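Engineer: Among the features that Swiss-Prot reports, region 'Disordered' is placed at 1-29. Residues annotated as compositional bias 'Polar residues' in Swiss-Prot: 12-29. The annotation domain 'Helicase ATP-binding' is assigned in Swiss-Prot to 51-256 on the grounds of sequence analysis. Positions annotated as ATP binding site by Swiss-Prot, on the basis of sequence analysis: Gly64, Glu65, Thr66, Gly67, Ser68, Gly69, Lys70, Thr71. As annotated by Swiss-Prot, motif 'DEAH box' applies to 162-165. Taken from Swiss-Prot, the feature domain 'Helicase C-terminal' applies to 278-453, supported by sequence analysis.
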Amino acid sequence: MPSMAQGELKSFVQNSRPNPKSPTVSPFSMRQKIAEHRRSLPIASVEKRLVEEVQKNDILIIVGETGSGKTTQLPQFLYNAGFCREGKMIGITQPRRIAAVTVAKRVAEECEVQLGQKVGYSIRFDDTTSGSTRLKYMTDGLLLREALLDPHLSRYSVIIVDEAHDRSVHTDVLLALLKKIQRTRSQPVSEKTEFGNVASQVQTTTRDANGPQQNGVLKGYQGRKLSPLKLIIMSASLDARVFSEYFGGAKAVHVQGRQFPVDILYTVHPESDYVDATLVTIFQIHFEEKPGDILVFLTGQDEIESVERLVQERLQNIPEDKRKLLPLAIFSALPSEQQMKVFAPAPTGFRKVILATNIAETSITIPGIRYVIDPGFVKARSYDPSKGMESLDVVPASKAQTLQRSGRAGREGPGKSFRLYPEREFEKLEDSTKPEIKRCNLSNIILQLKALGIDDIVGFDFIDKPSRGAIIKALAELHSLGALADDGKLENPVGYQMSRLPLEPVYSKALILANQFNCLEEMLITVAVLSVESIFYDPREKREEARTSKNHFASVEGDHLTYLSVYRESDEFLEKRKAAGSGNNIDKIMKKWCKENYVNSRSLKHARDIYRQIREHVEQIGFNVSSCGNDMLAFRRCLAASFFLKAAQRQLDGTYRALESGEVVHIHPTSVLFRAKPECVIFNELMQTSKKYIKNLTIIDSLWLSELAPHHFQTAE
């Protein structure tokens, strides 16, 4: 077992009693329990003061520790205070989809309403709101897209930007946009807004996509003043200065959280394998510590599933009376019904061990946690604009993140945090996480700003300005894709069409081109599959069987055509079963088919949902969904025309050179083309591990590049 040494004791004052777990109770008792829980939250004692502060201040910053109740209770306080009169809504944004969904479900339960009525959520490819929704939880990116259709966000009286400390790229841009919207909401509405000629630029639900249309949302407000917009910024970080300064000295109020003392323990020496050290520490706690659930922070789905499997295996090798340990996972790609399991009490006598990504730092509160295991790492996005290379890397967490993690052990009673690194390593960590806007590809966000009529991107009022190089690279990429004209404004109609689709710009352009190549059906399927976790299931204990099954679907021409084969074959299977009268058990039958074919049923189901949603979007634009049937040459040419910025050519030594960046890259072992070594390919993902790998490949003819993207390639002499 890792050797643990007692480090500095971090003590926090707690002013509320913990909430004990309860067995299953009657509906009346459940309502009573919920009411008692709400009254016990730290924020309940300051309800009146908070409502008064919102009434007095158009901008308010609320700093409250995770578990204080700010996310679930403040919107209800404001609703009860009359902020939703005349049909207005309170919008609450989250940087993560899972938080928007779980919190909305909890608030609907507290309000005793069906989800989608008074309380609803809206995330990409999933909307439960209705005309009666007044408390709307959503991702920050979703609200940004909503601003394209309603530049004044006229339906909202209050916008609450939650988890602002997360500093996601969408949160940062949204705050800048809301700063402008607040000013324009105090002026009479006209077609000319501070964002430019937005009302006439953005198309609404018309099927005529050949030019900009008048925005119908604002027609009823022409020449009138809208009511002021209240903006509340909520953060779990005690340092709110960056937000206060950005909003001209906005007032900040603090809500005390529930916090018991947490003992911080460090390893004596660095751990060479933190996954193994995590596993050992889980069982050390289980055998030696008092009752209480364990929360483990891991970097992603692969690590979580690996540790979950290893815990299950080791449980089989210990005495039966010691096996009462229940491993549960929570990460964004997990279906919501499985995510909900972490919030339920463990069976009597069992200890839960929750395996989570950094979503559990602040976005959600899991009851029952007394022990935290923190290996000290997080998966973070990075971007090199000079090479156009974006990667997801495992990096050390920041001090702010590790403090948030430790705090999770002290919500309901004294706890312990096991940091799997020496104390001296903690002192070397960065104070806070670098804002995402400084380490990501900006093409998608710039496309949305352009659609809002904001053309001066360099001069835009970002909280933290991205590098000039990153902005220039994104503008060049959008110009190459045909989204921007030579003057830097949105190209008509392509730029407007691309901004309407809730996808990365390169995927939006792929769908537009597929309409011209008469293979829109095939591209819709491909984009849907590329938008989910791996569609293939590859269990370690049955790797050979999984490989054989994958070969059944594999196309010699590449991964995209292989994905198409899986999707089509599953479609054919479904149609046959429906024709045979098996419609009632279709989900169960589909899961069985997926298991037999080593296909990830969750990913396939998600891809189907995304396909349906994107299809609706392209039909609204005015496209007819045509199919090229078995003409894969047309489809591959469309792939080349769409993804020409990610083309790679084989070199004499067998490696590949990415044509756009000049980087030496290798075909990833999971590709069906791994051993084929084709001359030229397009790819969708470049990732850095031990080597620079390209994933999701299809073979193309190199001559197609200069033919289909002549503005970007010149034929070699």
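Going from the start of the chain as shown, residues are counted 1 onward.
Any Cβ shown, glycine's included, is placed from N, Cα and C.
Context for these features, please: burial, neighbours, distances.
Structural biologist: Mean pLDDT across the domain 'Helicase ATP-binding' (51-256) comes to 83 in this model.
Within 10 Å of the C-beta of Gly64 (ATP binding site) there are 23 other C-beta atoms, taking all protein chains into account.
Cβ atoms under 8 Å from those of the motif 'DEAH box' (162-165) belong to residues 70-71, 92-96, 99, 171, 175, 233-237, 243, 362-363, 400 of the same chain, restricted to positions at least 6 beyond its ends.
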Engineer: Taking 10 A as the limit, how many CB atoms besides its own sit near the CB of Lys70 (ATP binding site)?
Structural biologist: 26
Engineer: Whose Cβ lies within 8 Å of the mean position of the Cβ atoms of Gly64, Glu65, Thr66, Gly67, Ser68, Gly69, Lys70, Thr71, the ATP site, other than those residues?
Structural biologist: Leu41, Pro42, Ile43, Ala236, Val255, Gly257, Thr365
Engineer: What does DSSP assign Gly64 (ATP binding site), in three states?
Structural biologist: strand
Engineer: Which of Thr66, Ser68, Thr71 has the fewest nearby Cβ atoms, counting only those within 10 Å, among these binding-site residues?
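Structural biologist: Looking at the binding-site residues Thr66, Ser68, Thr71, the Cβ with the fewest others within 10 Å is that of Thr66.
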